[in-house]
There are 2 protein chains.
Amino acid sequence: MPQRLDSRDPGFAAAFAALVDARRDSDADVSADVAAIIADVRARGDAAVAELTARFDALDLDAAGWEIPLAELDAAVAGLTPDLRAALDLAATRIRDFHLRQRPTDNDATDAAGVRTGVRWSAVEAAGLYVPGGRAAYPSSVLMNAIPAVVAGVERLVMVTPTPGGTANPLVLAAARLAGVTRVFRIGGAQAVAALALGTGRVPRVDVITGPGNAWVAEAKRQLYGIVGIDMIAGPSEVVIVSDGGSNPDWIAADLLAQAEHDPVAQSILLTTSAAEADAVAAAVARQLETLPTAKVARQSWDDFGVIVTLPDLDAALPLLDALAAEHVELMIDDPQALFTRMRHAGSVFLGRHTPEAAGDYLAGPNHVLPTGRRARFASGLSVVDFMKRTTFLDCGPQGLAAIGPAGAAIADVEGLAAHAASIRLRLEANLP
Amino acid sequence: MPQRLDSRDPGFAAAFAALVDARRDSDADVSADVAAIIADVRARGDAAVAELTARFDALDLDAAGWEIPLAELDAAVAGLTPDLRAALDLAATRIRDFHLRQRPTDNDATDAAGVRTGVRWSAVEAAGLYVPGGRAAYPSSVLMNAIPAVVAGVERLVMVTPTPGGTANPLVLAAARLAGVTRVFRIGGAQAVAALALGTGRVPRVDVITGPGNAWVAEAKRQLYGIVGIDMIAGPSEVVIVSDGGSNPDWIAADLLAQAEHDPVAQSILLTTSAAEADAVAAAVARQLETLPTAKVARQSWDDFGVIVTLPDLDAALPLLDALAAEHVELMIDDPQALFTRMRHAGSVFLGRHTPEAAGDYLAGPNHVLPTGRRARFASGLSVVDFMKRTTFLDCGPQGLAAIGPAGAAIADVEGLAAHAASIRLRLEANLP
């Protein structure tokens, strides 16, 4: 059964603090295993990748082919039903349109002192997309990771995905092709991340690696951070739904279960100002679980990590929302904009009763790769800028250097950096009238 | 003696590739030591911080006081000479003005389908600034780290700096006060990073930690990445200067030495189209080293890591610049803008013969915290957005959901996520006319 809390109860503060601090991430320490895999790939390249793939995925890469041929990607697209092809096209178009609005603008200005400064953005050359095998191999995830890279202007998109037995998910391949991926390697795990980060004979080195994965993949990204860019470390997914007693309990229940069906350690939380609604939602969840095809996973998540909190009013939701800093927040209330304006920390917010998180997961436009586990306090969802970088620039000219150089040299003096000071003063002296 | 290369020599490609791949970062593996320190701070909080500070900095925190009183910061400001005070004020103002231009804009639009989507930016609540002790305790570094946080809107800025013997650098304290820092703890090393990331009784938890540090500090930031946000892992600093034979050899030499004097493993590279200039610069460096107060460090860097490359023309510089992806690039040529437009990877570019990197280090405006060691391929300098995060939002409304919901449910179906599909279809059915 999910946890039930009332914010007016004397023990609430302590119970809620425990909820905020609870970690649902795996505590398995795979760092030594991953370090050994990275060292092996660094030392032996393709031979290490082939051996590790044989061991973990029972796949002979040289026999199966390291890459999935483009023809297989094209065949996957051709094999889509017309309805699904239209749905994926709509999703790709909408995700592209949203991310086009995120492209940053350059900045170039000359100030009163005559000093020109600015920022110029450019794309990274190559990006690697990790796509898990098994349960979490989702075409929507391919679109959400690949399209921002394409919009950023990345020239080379390389996908890796484990294919135990050699067979890839055709929906994943179709989505990859629709998103603009042209190379897909049949590799996964920490060895695939290491191959992308370091480059091997067969696997090209990339500049940024994104995409979800298991504990080994996440740890490999963390260890290789700095050699490549990575997206945020992702933990188990979560949703917080705020309702005011005026929502359809079945809609709330379905939204809570949509989160819960992802993962036994996903978390679904309802904050409601109505005790009657709290009861009705709990009953609706139980009822829907009876027939839900994904009930096994969803029930475990709901029983272990589900929470229903009853509040006196919507103002009471505000500190809870900011403390939870949740990946997804649904505001199923009369004036969602008013509460959204006042809240501060969330990965993505879904406004109003007619905005199920699932719409955002698939095709509304905003990215579904979002910070989890309270990381929205400081982190953001995946975006175009994760595949770009800024170069700043400066042009003093003789006039600008005359204006600001003396102060710069004075600071260099007290920092004891004599050549810094000299590099400014030699020019100032030469430019004396 | 620095390495001398000519791009027309048969062995150049191999020699240059070795230069690009060479790592100047320390290979000391401190990961186990750092993991133990983090675990200790997590388990024992203040007691661990106090013990580690006594051990590594020979400082009794309880006797000396954990924090440096604000009065001491004020006294440091009052103790500045008028010239230095004016120089630091000019630097702070210019850095602030530049970073104000970097503040991101929100985005909010409703499309033809009736779906409202957007992005809202907000600042993190608290940031921690690491300031090293010893040689690298620079007031300019305090300004460059603290001012972007203040411009972002961060409410609480906490600085940590080791003070072996209890004495802090008054210039660092003055810069901290001018930049808006109000709390400074006398702690350093991995234990200070852990205290900021996890929070202890005395040290408040922050959301983002920035600032340079030694191998232990860098490793602590890497291990705690994901619990807090961090800036890019920084390696030894570097400059690449491009000249066309028309620059003053003494200016080039001073700029090369300004880089070299930072660190024995800093790297200064000259790319010149003139063999005569190459010789003249080498001679000028040798001459300047005879009297340079920082000659010991600068000479070691120049002898061990300095490189002079002779090129047939400026076009030949372009692939070398992109391969090096250097932290700092100076274009001391007639038309620097033309080359800048064509190059792609660099942390910060200094245009023209009158723009010494030192002007950018101190007060031109752009940040001096920049990606090193080829990381400019994918990483950017410190900016206002490193202290902010994005929340995306979505409002479908009945009309928007009617337009895009069916396609979303179709994708949910093939992903096998039944509750996702149900959360959309329940609403679509209820909204049927």
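Every residue, even glycine, has its Cβ placed from backbone N, Cα and C.
Nobody curates TrEMBL annotations by hand; they come from automatic prediction.
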Annotated companion of B:Ser237, B:Gln259, B:His262, B:Asp361, B:Glu415, B:His420 at the substrate site, TrEMBL, chosen from B:His99, B:His328: B:His328
Cβ-based proximity (under 8 Å) of the recorded positions B:Gln191, B:Glu327, B:Glu415 to chain A, or none: B:Glu415
Rounded inter-Cα distance in Å - B:Gln259 (substrate binding site), B:Gln191 (NAD(+) binding site): 30
Euclidean distance between Cα atoms of B:Glu327 (active site, proton acceptor) and B:Glu415 (substrate binding site), Å: 44
Nearest recorded site to B:Ser237 (substrate binding site) by CA-CA distance, among recorded positions B:Tyr130, B:Gln191, B:Asn214, B:Glu327: B:Glu327
Rounded Cα separation (Å) that holds between B:His328 (substrate binding site) and B:Tyr130 (NAD(+) binding site): 22
Shell of the NAD(+) site beyond B:Tyr130, B:Gln191, B:Asn214, same chain only (C-beta within 8 angstroms of their C-beta centre): B:Pro132, B:Val160, B:Pro162, B:Gly188, B:Gly189, B:Ala190, B:Ala192, B:Val193, B:Gly213, B:Trp216, B:Val217, B:Ala220
Sequence-distant neighbours of B:His420 (substrate binding site) in its chain (C-beta under 8 A, six or more apart): B:Gly408, B:Ala409, B:Ala412
Cβ neighbours of B:Ser237 (substrate binding site) where a neighbour is any other Cβ within 10 Å: 26
Site diameter for NAD(+), Å, by largest Cα distance between B:Tyr130, B:Gln191, B:Asn214: 13
Recorded positions near B:His262 (substrate binding site) (Cα-Cα within 10 Å), from B:Tyr130, B:Gln191, B:Asn214, B:Glu327: none
